[in-house]
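Trainee: Below, the features straight out of TrEMBL:
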ACT_SITE  GLU267  active site
DOMAIN    29-495  domain 'Aldehyde dehydrogenase'
Amino acid sequence: MLDQFGIKSALNRLGIEEENKGTCTGDIWIETKETYLGSFSPADGELIAKVQLTDKQSYELVVKQAQEAYKHWRNVAAPQRGEVVRQIGNALREVKSDLGKLVSYEMGKSYQEGLGEVQEMIDICDFAVGLSRQLYGLTMHSERPGHRMYEQWHPIGIVGIISAFNFPVAVWSWNSMIAMVCGDVCIWKPSEKAPLSGVACQHIIAKVLKENNLPEGISSLIIGDYKVGEYLSHDTRIPLVSATGSTRMGKLVAQAVGGRLGRSLLELGGNNAIIISENADLDIAIRGALFGAVGTAGQRCTSTRRLIIQDSVYEEVKSRLVSAYGKLVIGNPLDEKNHVGPLIDTDAVKMYQDAISKAKVEGGKELVVGGVLEGKGFESGCYVKPCIIEAENHFEMVQHETFAPILYLMKYSELEDAIAMQNGVPQGLSSAIMTLNMREAERFLSASGSDCGIANVNIGTSGAEIGGAFGGEKETGGGRESGSDAWKAYMRRQTNTINYSDSLPLAQGIKFDI
Ligand code: UN1
């Protein structure tokens, strides 16, 4: 099956071999004493290739090299650092289809979404290049005559990046491209469920760094599960750990990093809802809800998990959705006629099944029946049917993020109630309202509206652009990545006051004469 859809040649061009080392400081790959981890495609269950895990000793080498590299990189002018990131963006343009294909095959999202993910990397490179000529600080007026006061932003040091399987490459690039123009160096632990995508990115970036005669250690790779993640979170040499994944994982990272007073930047679970008002354009509402719920097989942190529908249009939305679900084609993500690919692995399938049965025990009614697909093309055991369940917001399963295509439907009559339901979950990542009524839209966006980091009008909950700050509140972890001024998380602020007068007046008018 590797030959089908040109996977084999794409792997070749990306530098992926049957057995790959997994620990790298740039261009130098380090042999460790650890075993090799197999990466299996959820599309067909086949072993794609193996990657060697990082051990403590090789981790130490990586950190030492990163420390050395930082001494150099922090003094390279920011626009020069931007120039390197510009070249990385161009290198990504060249491999867009190969990398998109690997992401799709290793993770299971559709090829179109794989391409979209690489585009997101290219976009953040462009953004970071522009940023490299900005990174603005403010100037303030000093209360003392002959004094100047301003603030400037300096790099922070080594940034540890822990990324999740569902966006195996884009979320790394949001962090590392911004961190790089900020003057930081990065150590990346990709998800152990999609390690080859990490190895491929390391090859791409290493070539650019080498062509620019840059030292080893600016962008490093380590491979492993939570144990390797713990190396990063407990390491006082790593001032910032950016972690994407489950709320459970995020709490552990936050405690470890917080315990040493380091900084963590967390992008964790979502439980995103769309409110569909009777004033909505229902064509847009149905399409937005459909892509939000079944895109990436419901495995985005921005996936739509709940639809809160006004009672007067409830029946219409319900029947149009049910008929749209009937048209979904499920199958190999590389085959462009399919809309929905597999879940990441059979553990995820089990969680999907459990969630459906528990929601039913709680009183949920399955409108579009879920289930695991079997037979030809579904041998990996990872393909499931997107399902719709009528439920109530307080159900334990509705309160919980299940990374699968399960959509819960509920009813409201007053907008206040809909907003309370939308906010009535522990997570706070993304949200949306579908309405053409300006008052409803603005109420949803106001301080007493959505409590999420992302709030959209007439757009679904997923598919954010890189230009905005990405992240959310409550159990989503509070971090902001990607665009806007998210770069500030990767730098340290320094306030500078300069006295150019011929005396030394003290602030607050304090007298201290001798
Ligand atoms: C994620 O699921 O972790 O907004 C990131 C989106 C994508 C990023 C999702 N641009 O859906």
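The chain as shown is numbered from 1 upward.
Each residue, glycine too, has its Cβ placed from N, Cα and C.
Heads up, TrEMBL stuff is auto-annotated, nobody curated it.
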Trainee: On average, what pLDDT score does this prediction assign to the domain 'Aldehyde dehydrogenase' (29-495)?
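Mentor: Mean pLDDT for the domain 'Aldehyde dehydrogenase' (29-495): 98.
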Trainee: If you count Cβ atoms within 10 Å of the Cβ of GLU267 (active site), leaving out that atom itself, what do you get?
Mentor: 29
Trainee: Work out the three-state DSSP category of the residue listed as 'active site'.
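Mentor: In three-state terms, the residue listed as 'active site' counts as strand.
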